[in-house]
Structures are given as C-alpha cells and as structure tokens.
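Here's the structure, in structure tokens; my notes come after.
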Amino acid sequence: MRPARALIDLAALRHNYRLARELGGARALAVVKADAYGHGAVRCAQALEGEADGFAVACIEEALELREAGIRAPILLLEGFFEADELEPIQRHDLWCVVHSSWQLDIIERTALARPLTCWLKLDSGMHRVGFAPDDYRAAHARLAACGKVTRIVAMSHFARADELDSPRVAEQLAQFAAATEGFDGEYSLRNSPALLGWPQLFRRGHEGEWLRPGIMLYGATPFEHYQAQAARLRPVMTLESKIISVRELPAGEPVGYGARFVSPRPTRVGVVAMGYADGYPRHAPDGTPLAVDGRPARLIGRVSMDMLTVDLTDLPRAGLGSRVELWGAQVPASTVAAAAGTIAYQLFCNVRRVARAWHD
Ligand SMILES: *Cc1c(COP(=O)(O)O)cnc(C)c1O
C-alpha cells in the first residue's frame, strides 16, 4: 500500500473548538464546509457533536451529507440556497439559511413553505462580495420579518482583512455593521477565525446573542502571517505524511527532477518521497521548503511531481529507505509550507486528496 496518509487528530479538533468558544465567550458554529477543509466533514462533525452549538457548510449538498450521517445539530448554509427548489429540503432537514441577495428574498416571498425558516441576513459591510448594501439592509430585514415565513433572523457580516492585524478595515466594517443593525437587539454573527483570535479588543465578550464562525482555527492552522499568541495555542489537526521509497547518491552538478530546477551544489544524497501534487502537496513549493524526515528538519529539493517529491538527505545520514516524512503537521506547520508555496493553509488542506485518511482521538 502506498504510504501517503493524512492523519486527523480529533482530540486536537475538540481542543481548538473549545479555544474558539473560550476566546469569544459565545456560541460557535464549527465551519465544516469543503469536507471540513479536507479533514472529513462527517468525522469532524461527529467528533464535535457533543459540544458544538452547530455547524456551517457552503451548500445544501454538504449539509445533507451531515444529516444523512445522523448529525442533528443546527446546520447553517453559508450561501443559503442557489435555486428555489432547495427550500423544500431546507425545511424538511431543518437547515438554517443565509440570505445574501434580493433574488433570494423574492423567492422566499413567493414560495409556499410548510414550516418557518431561520435566516441569517447578510450585510455587505465592506467585503463587497455578497450581502445587502448598508442602505438596503433595513428594508431587506423588514421584508424578511414581514413575509410570515421566517421565525428567526440573525444579522451577519464577514470580514475581509481580519488576518491583517494592523488593518483599519476591521473596525470600519464593524462600525458599518453597528450602524446598519442599530436597534436590532437579537442574534448576530461576525467573527471568523482571524477576527476571533486577533481582535478581542473590538468585541464584547460573551454577548449572549453572538454566534462565532470559526473555520481554519478548528484545524489548528494560524490565519496570520506572523506569530500570534492566541493562534500559537492551537493544535494542528492534520498530519500529512509518507515515506522514502528510493535513495540515490549524486555527485555535484547533477539535476534532480523535472526541468532540472535543482542542480546539486555538492555531492548530494537524494530521498524520493511518495507524495506529489496529485495528493495535494503544492507544486509551487520551492527548493528549501521545510519538511521533517524521521522527526528531523529537512528540505525539499527539485520540482514536485504528480506522485513523488525529492528531499535532501545529505545531512541526515541515518535517514533512508522507509524513513517517515512529515509534509506538514505538528513539526512542520501547514501555514509555513503554504507561505513558501505562495498560498494559504486553507488551500493546502482543501486540496488534500487521494491519500488515505485516518482519524484518531
Ligand atoms: C468560511 C467562512 C468562515 C470561516 O472562516 P475562517 O477564516 O476559516 O475561520 C466564516 N464565515 C463565512 C461566511 C465563511 O464563508
């Protein structure tokens, strides 16, 4: 069997969920969209079910997978419905629904519903992607409240730059939200992982109407570019690992891999690892990207290919055939690999495929 695997630590997932709740002091929907950022939505939701206040996914297909697996907790559809015929299963499966556009309001108004909906009404406070503009928000809220089909409305918005710890945009978006929702004292939801970890000074702790929406932090990766004290308390959930399947000794001046991106500057011992971009390891990882071989720091050399990649073992004489290689995990932060490859840990996790996944407590 090919040794490439993703090990998923569910105890770490629970630790991170508890940290989210502790930092915000409020209820938290665990964001498990995109198959829990590649960690397995059903397994992650089952591991959190005893304690999570609910879950959030991108679409009804993802929600139904959780319902079919027996998850009874609230599930929010972060983009609501895409077509009118989703409303019937939304009611039948008791899903919560974001309403972000007036075409969705039109559909709710003209569709007969057997049961009332819980809607999260989205304000565009500055991201300029989806959500009602501040000038239209009150009218949208009034329409939803008046249509007779909605029992509960949660005001929500989403931050565009909370991962930039010196950005004035977080406070500006928050002020926009406060103005647009002034006088509503019901439930609301603003904070994703970076807002929750990085901006405690802006939010009232433990407000009973607040819903947190942690995603990436549940999986133990920092959303920030640099060290951040709260993010340092997270425990990585995924370990992506494989083994060395071939070793060769090259004299100085020999190329390794496609395109000869790496040429040995000295006599070099090269280890070949069963892991490639078809598994989700980023093809853009440059020479020098960190990894760990039998627990020791090592570096990638040569271009990543579809099924294999190469590491420099010259300074690790005890490493060889069968040595365990950690591509990311407790020793090699996924966010470090992501930064080296010009992307973010979110994308690395979501891209993991083909490798066997194994979940443990
Ligand atoms: C994905 C998502 C989140 C979670 O964001 P993280 O940065 O992963 O914490 C929260 N809210 C919405 C609307 C999202 O789409």
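Here the Cβ of each residue, glycine as well, is placed from N, Cα and C on the backbone.
What TrEMBL records for K33, Y258 is active site, proton acceptor. The substrate binding site annotation in TrEMBL covers R129, M306. Here TrEMBL flags 237-360 as domain 'Alanine racemase C-terminal'. Feature annotation from TrEMBL assigns N6-(pyridoxal phosphate)lysine to K33.
Here the features listed in TrEMBL are painted onto the structure.
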residue : record                       : CB count, 10 Å
K33     : active site, proton acceptor : 20
R129    : substrate binding site       : 10
Y258    : active site, proton acceptor : 12
M306    : substrate binding site       : 11
Nearest-integer angstrom distance between the alpha carbons (Cα) of R129 (substrate binding site) and Y258 (active site, proton acceptor): 39
Those recorded positions in R129, Y258, M306 whose CB falls under 6 A of ligand 1, listed in sequence order: none
Secondary structure content of the domain 'Alanine racemase C-terminal' (237-360), with strand meaning DSSP E or B: 20 helix, 47 strand, 57 coil
In three-state DSSP terms, the structure that K33 (active site, proton acceptor) belongs to: helix
Distance, M306 (substrate binding site) to K33 (active site, proton acceptor) (CA atoms, angstrom): 26
Separation of alpha carbons, M306 (substrate binding site) and Y258 (active site, proton acceptor) (Å): 11
